[in-house]
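First comes the structure, then the notes that go with it.
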Protein chains: 2
Amino acid sequence: MEHQSNNIVMEKIKVAINGYGVIGKRVADAITLQDDMELTGVCDVVSDWRINMAVSKSYPVYGFDQPVNNQMKEAGIPVMGSLDDMLQTADIVIDCTPKKIASQNIELYKKLGKKFILQGGEKHETTGHSFSAENNYETALGRESTRVVSCNTTSIVRTLTALKNAGLLKKARGTLLRRATDPWESHLNGIMNTLVPEKDIPSHQGPDAQTIDPSLDVITTAIKVPQTLSHLHYWNVQLTRQTTKEEVLRAFANSTRIAMINYSDGLPANNTVKELMLEMGRPYGDMYEVAVWKDMLKVQGDELFYAYIVDNQAIVIPETIDAIRALTGVEPHAEKSMRKTNESLGIKQSFY
Amino acid sequence: MEHQSNNIVMEKIKVAINGYGVIGKRVADAITLQDDMELTGVCDVVSDWRINMAVSKSYPVYGFDQPVNNQMKEAGIPVMGSLDDMLQTADIVIDCTPKKIASQNIELYKKLGKKFILQGGEKHETTGHSFSAENNYETALGRESTRVVSCNTTSIVRTLTALKNAGLLKKARGTLLRRATDPWESHLNGIMNTLVPEKDIPSHQGPDAQTIDPSLDVITTAIKVPQTLSHLHYWNVQLTRQTTKEEVLRAFANSTRIAMINYSDGLPANNTVKELMLEMGRPYGDMYEVAVWKDMLKVQGDELFYAYIVDNQAIVIPETIDAIRALTGVEPHAEKSMRKTNESLGIKQSFY
């Protein structure tokens with residue numbers, strides 16, 4: 001398939017998705033919204049409603065291996081072949097399989113000479129490159145592979161990069177209240193009426209942010225909380241100098257993926273922000289932006305305090321789309337890729 | 001009634017409690033454990049199971065006013081009189097009425113010349129003195145009144161005073177995950193599957209700690225979380241110098257009301273610590289101590305990170321007992337009062 005860009009007819013990037021779960025299904029939908037990408041298949045191991053939804057969207061469905069293919073056929077799913085077959089159709093594969101599974105697929109991708117993108121559950125070393133569009137798009141250009149960092153890490157790099165670029169960031173210390181599990185599987189798994197600290201200080205997100213930008217002086221702590229909607233971050237940033245709230249807001253405004261919300265505007269909690277996304281018609285009520293409370297944000301001398309919400313199911317979707325353009329080199333400029341992605345997904349800096 | 005102390009026969013302090021709720025009933029029980037105090041009455045406005053439990057413990061029960069007395073009589077409660085009558089029996093009254101009610105009772109206490117103690121829901125200005133035993137017991141000696149600060153503030157002052165006394169504290173920044181409501185009334189009130197930030201930064205606990213010790217450079221942020229067991233605090237402290245974890249642990253060990261727990265010892269969450277208290281036979285599973293995770297605590301250069309649990313129903317009970325001794329002047333030394341209180345309640349620095 002072809003598309004027009006600057007009056008030159010270009011091949012669309014052929015993208016396959018391995019793993020059709022919380023992230024995979026969102027990446028699939030996002031790819032169908034890009035004029036320079038084509039979804040050539042999705043691959044999974046399940047034969048239930050989840051993969052039937054891909055069929056109903058006319059996505060080409062592949063089974064992981066022959067036994068899975070047989071199960072899918074028995075379930076009446078029009079299976080196109082196995083993972084190997086799907087990979088033949090694609091220029092690049094997005095691995096959205098569960099944590100720690102992806103690393104087992106890497107050899108296959110390499111053997112077939114396919115570029116690949118892993119998600120944040122995998123280690124930095126699996127690809128040797130970690131990706132966050134506003135920070136390091138250019139360093140991924142033409143690479144064979146990258147890892148889109150996790151939802152929490154993405155939010156950290158996005159916000160701290162904005163402060164760093166404004167010359168304001170000295171060091172940042174964050175406390176992360178992590179949603180206990182994803183809503184669709186909260187019947188299997190979760191926590192109730194308690195709080196579960198992550199044992200290690202620093203928690204893994206701070207060091208993970210440094211895989212993208214080693215210059216970030218960032219330390220995180222994290223706690224699992226009994227809710228499923230989204231993460232909530234609290235940050236205390238030591239600035240390089242005394243400044244004003246207005247200057248900080250201008251720094252954040254330089255990121256196209258940070259949106260400001262106001263507590264006093266009927267948005268005092270995670271559930272209200274989720275409802276706003278649903279009312280905006282976002283698929284799944286997804287929020288791709290980091291939503292920072294403008295009226296809570298406080299500058300005191302050379303210290304900055306703020307809180308924001310991270311939609312753990314959604315924030316990495318635009319990052320993954322940009323990573324596809326970076327690895328394939330179809331768009332050398334981060335800003336141009338992000339602009340395309342932002343427009344296609346309706347990403348904005350102010351929700352209304 | 002009389003008791004022996006240093007071979008001198010002394011009058012016991014006569015203590016009355018106005019408000020027999022979450023705090024009031026615990027203070028009442030704690031007073032009956034002190035050899036230098038006598039509970040002369042408890043006063044409330046309800047006529048249901050709550051006040052019947054006071055009757056079953058043989059506490060003299062008073063109704064707030066004549067209408068309440070009538071209701072109590074109708075409910076078969078052996079009511080001794082009204083608030084005015086109860087106050088006649090006492091040297092000191094502990095006001096444990098709901099937030100903002102206590103300030104309306106002050107004039108009555110003053111008119112009758114009774115010393116009084118308010119709880120942390122009231123403003124500092126109501127008494128002009130805020131109390132935390134390990135920090136400022138002596139400044140309350142002989143005063144007419146004080147305010148025992150809230151559970152969160154008590155924990156903050158306790159921990160930061162320990163660091164300050166060791167010469168380690170420069171400034172402290174804390175994120176407080178607050179239990180949404182108390183267990184006994186979670187059918188009335190609460191939050192579910194969301195997180196509710198406190199709008200203002202700093203949240204009120206930091207400035208509240210400064211009512212006890214203005215020298216504390218402390219800023220807090222706070223979030224209500226959907227659980228009822230206890231609060232969870234995360235702290236990042238800027239130390240005066242580089243130090244070791246061992247020195248920090250020694251500083252905390254100087255407080256008799258900070259207990260160390262280990263995550264790796266099967267205590268990775270608030271519910272497990274609650275179960276430990278219940279298994280120890282603590283009334284209501286109460287924890288009077290601040291429980292700091294020893295194996296999570298981290299020193300990095302001149303920064304300190306730690307997390308701890310605060311039992312919001314229990315931590316102020318020993319403080320209130322000490323405040324009684326301070327106001328009445330029966331014990332001029334903080335350490336001696338605290339030792340008595342600690343022994344009577346079974347307060348310890350290590351739970352097993």
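Cβ coordinates are placed from backbone N, Cα and C, and glycine is handled just like the others.
Marked as active site, nucleophile by TrEMBL: A:C151. Marked as NAD(+) binding site by TrEMBL: A:D44, A:N312. Residues annotated as domain 'Glyceraldehyde 3-phosphate dehydrogenase NAD(P) binding' in TrEMBL: A:13-151.
This view paints the features noted in TrEMBL onto the structure.
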residue	record	DSSP class
A:D44	NAD(+) binding site	strand
A:C151	active site, nucleophile	helix
A:N312	NAD(+) binding site	coil
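You'll find the Cα of A:D44 (NAD(+) binding site) roughly 22 Å from the Cα of A:C151 (active site, nucleophile). A:C151 (active site, nucleophile) sits 5 Å from A:N312 (NAD(+) binding site), taking the CA atoms of both as reference points.
Taking all protein chains in view, 22 other C-beta atoms sit within 10 angstroms of the C-beta of A:N312 (NAD(+) binding site). Around the Cβ of A:D44 (NAD(+) binding site), the number of neighbouring Cβ atoms within 10 Å comes to 26. Summarising the environment of the residue listed as 'active site, nucleophile', the number of other Cβ atoms within 10 Å of its Cβ, over all protein chains shown, is 25.
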